[in-house]
Amino acid sequence: MGLLVGDDLWAVVIFTAIFLLLVDLVHRRQRWTACYPPGPVPFPGLGNLLQVDFENIPYSFYKLQNRYGNVFSLQMAWKPVVVVNGLKAVRELLVTYGEDTSDRPLMPIYNHIGYGHKSKGVILAPYGPEWREQRRFSVSTLRDFGLGKKSLEQWVTEEAGHLCDAFTKEAEHPFNPSPLLSKAVSNVIASLIYARRFEYEDPFFNRMLKTLKESLGEDTGFVGEVLNAIPMLLHIPGLPDKAFPKLNSFIALVNKMLIEHDLTWDPAQPPRDLTDAFLAEVEKAKGNPESSFNDKNLRIVVIDLFMAGMVTTSTTLSWALLLMILHPDVQRRVHQEIDEVIGHVRHPEMADQARMPYTNAVIHEVQRFADIVPTNLPHMTSRDIKFQDFFIPKGTTLIPNLSSVLKDETVWEKPLRFYPEHFLDAQGHFVKHEAFMPFSAGRRSCLGEPLARMELFLFFTCLLQRFSFSVPDGQPRPSDYGIYTMPVTPEPYQLCAVAR
């Protein structure tokens, strides 16, 4: 009997191995066509997962681009992926072919946090009616609450004052500015979503931001890629909770805030914020099975907007201050322009931006150099397309490599160096390049771009108006190499702030 069990076991093993090999062959059959983009030979089962450095994906893609060209393919386990590089190809993919390439691939790892039917938020929602409904709502509601208007500018300016006060308290000794920058930017988002402002010492606020920071990278690294490629693994009891502990904790804190907010909502009163406006739409949509306005989707939309709006802008500001202490000559020129245009008494305004070409160029160069979302979020073809003489089938995951655009050697004079003159002409006037694409392009471009531009200019200019920043005495010069998470963050650093 024991021998029989052993034979049966080996039969199962052999059958399973053959089955997996056949599945693997089926998934890679498109690579056999002459018109499919070239790429490295995948291993059976794992594909190219072991051939990509998930701690430095931009560099991995750079090497593959040099070998295979601007359009190359990968096989992530059983998931076909095409990576697109360079300004011309990326813009063609996102803009010219936008109607066919704006879908999102399935990401099963998010199902455990509430993604599902009619609850896919905005950022990861498939390209279609639900996405259009939520994007239209988000853009119009943010405008209703001040986006692009003087009222929100005043709110940001007021928060910049609180940020400068917090910097003043730290000015006696070296400190890491990133936590304070996160608090300031988070308060702007919180004002739009929750109609509230947190004190910087608030324990709940600090716990939420700490948890969010610790969650970065949990869903974008090697483990997340494997689980998305082989979703059956997510059915292993307890695995999602163990793989994404901090992300789950952050979502629990967001749920707590939404429950508290819901208790104070009065449908008879005008909406106080985006959450109120969403709840009003939920009431209107009752009985409509086609609507994406429901309580589950409210949570996902709030998480989308909070994470996207806070993390990217605060990270960019952290890069900005790092680059100021590494390039004191650039900082001096920014100080000079601020003194000439704004002075030391009044607060900076968005109207000043047009008269401050150098400061504007510095902010743009920070975004280009920092390159905080190098591979963008993945897209997916919604139908077969012929692109750059290649055939890409429906359902193929697409990675528009924004890093290859922001560091394109054919566009930028010094692509790997921090060089604000990239955005200035010979007369010192500001010039915006077509290859400046930190917010992506096309239908899936960042809906919060106007808010981010406002925050970057006002926070950066207010800080440089009030302080001079330097590397602390006795400390080594910080590195300008980033840590690859999503987004790419600077290595932890400290600075000294001296009042001007």
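Placed from the backbone N, Cα and C atoms, the Cβ positions cover glycine too.
As annotated by Swiss-Prot, phosphoserine applies to S249. For S249 (phosphoserine), the number of other Cβ atoms no farther than 10 Å from its own Cβ, over all displayed protein chains, is 16. Secondary structure at S249 (phosphoserine), as computed by DSSP, is helix.
In the three-state DSSP scheme, C446 (heme binding site) is classed as coil. A C-beta separation below 8 Å, combined with a sequence spacing of at least six in one chain, links C446 (heme binding site) to A308, T312, F439, S440, A452. What Swiss-Prot lists as heme binding site is C446.
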